[in-house]
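Here's the structure we're looking at; comments come further down.
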Amino acid sequence: MLSYQHAYHAGNLADLHKHALLAWMLDYLTAKPKPLSYLETHAGRGLYDLAGAEAQKTGEARAGITRALVQGWLDADHPLCRALHQIRARNGATAYPGSPLIAGHFLRPGDTAHLAELHPAEHEALTRVAGFAHIHRQDGFAMAQALCPPVPRRGLLLIDPSYEVKADYDQIPGQIGKLARKWNVGVIVLWFPVLNDARHAPMIAALRRDHPQALLSQVAFAPARPGHGMTGSGMFVLNPPYGLQDEAARIAAIYEAL
Ligand SMILES: C[S@@+](CC[C@H](N)C(=O)[O-])C[C@H]1O[C@@H](n2cnc3c(N)ncnc32)[C@H](O)[C@@H]1O
């Protein structure tokens with residue numbers, strides 16, 4: 001039943017928004033010596049090849065991370081650029097890290113990582129590149145509900161579903177509400193697509209009503225292909241780390257200038 005494959009979209013304009021803010025938060029959180037938990041409900045395969053057939057077919061990475069690097073959208077010392085640089089040094093010049101390997105770049109030996117991925121091939125690929133983490137072939141929300149509050153309690157949870165079914169949108173406010181009650185200090189991060197049919201809007205309205213202090217970062221861009229429904233990328237962050245608001249504004253300015 002799982003048909004979404006992130007390899008077609010890795011490094012696109014939505015990934016750039018998501019991964020720039022994720023890397024910035026992990027850099028900030030690992031600056032202090034206290035140990036950290038990193039959890040991810042929908043991990044993907046962890047490492048992508050932008051020269052591969054999937055990325056070449058859509059060209060989304062060319063309009064995203066590749067263009068960003070050529071045109072210098074991010075400073076060379078931005079946490080995402082630092083992670084990408086190190087991962088390319090190990091895996092080749094066309095490698096692109098998914099969120100698990102971006103996290104792996106920042107996590108330290110005393111930190112703990114739990115990643116869920118349900119798709120058999122994506123799960124298998126993830127086990128080959130994310131040896132630093134506990135990898136669960138399980139529904140990501142079930143994993144998060146079972147592990148929260150994690151040990152150590154200081155940490156970040158990324159929720160990045162493929163939104164293949166309407167149930168994803170419907171269940172998220174309830175899932176996040178339950179997680180936030182169990183783990184009131186956790187940095188809980190949701191990525192969502194901004195869609196021209198506004199399918200995401202009721203979910204975001206419910207989240208904003210329930211979590212008025214959370215940070216909402218939204219950027220807009222031209223659809224990847226004519227008729228493509230995604231016209232932007234969103235991040236909803238509970239307990240945003242100090243300074244994230246400014247970083248989100250810096251990233252938003254990049255998209256506004258496109
Ligand atoms: C958008 S991709 C993840 C991308 C990744 N977070 C990144 O930024 O590199 C979503 C992934 O969720 C997986 N998936 C779909 N439903 C799932 C579920 N219920 N539990 C765990 N993983 C699931 C898909 O197979 C897919 O690999």
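Using N, Cα and C of the backbone, Cβ positions are placed for all residues, glycine too.
Curation does not apply to TrEMBL; its annotations are automatic.
What TrEMBL says about this protein:
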- TYR4: site 'Interaction with substrate rRNA' (SITE)
- HIS19, HIS42, SER99, GLU117, ASP139, GLY140, ASP160: S-adenosyl-L-methionine binding site (BINDING)
- ASP160: active site, proton acceptor (ACT_SITE)
Cβ neighbours within the same chain of GLY140 (S-adenosyl-L-methionine binding site) - under 8 Å, at least six residues apart
GLU40, THR41, HIS42, ALA43, ALA116, GLU117, LEU118, ILE159, PRO161
List nothing but the one residue from GLU117, ASP139, ASP160 whose Cβ has the fewest other Cβ atoms within 10 Å; the candidates are the binding-site residues.
ASP139
Maximal Cα-Cα distance (Å) across residues annotated as binding S-adenosyl-L-methionine, namely HIS19, HIS42, SER99, GLU117, ASP139, GLY140, ASP160:
22
Quick one: Cα separation, SER99 (S-adenosyl-L-methionine binding site) versus TYR4 (site 'Interaction with substrate rRNA'), in Å?
16
Name the residues of the same chain, 6+ apart in sequence, whose Cβ is under 8 Å from the Cβ of TYR4 (site 'Interaction with substrate rRNA')?
SER162, GLU164
Taking all protein chains shown into account, the Cβ-based neighbour count within 10 Å for SER99 (S-adenosyl-L-methionine binding site) is 25
Which state, by DSSP, holds ASP160 (S-adenosyl-L-methionine binding site): helix, strand or coil?
coil
Other C-beta atoms within 10 angstroms of the C-beta of HIS19 (S-adenosyl-L-methionine binding site) total 24
Neighbour count (Cβ, 10 Å) for HIS42 (S-adenosyl-L-methionine binding site)
24
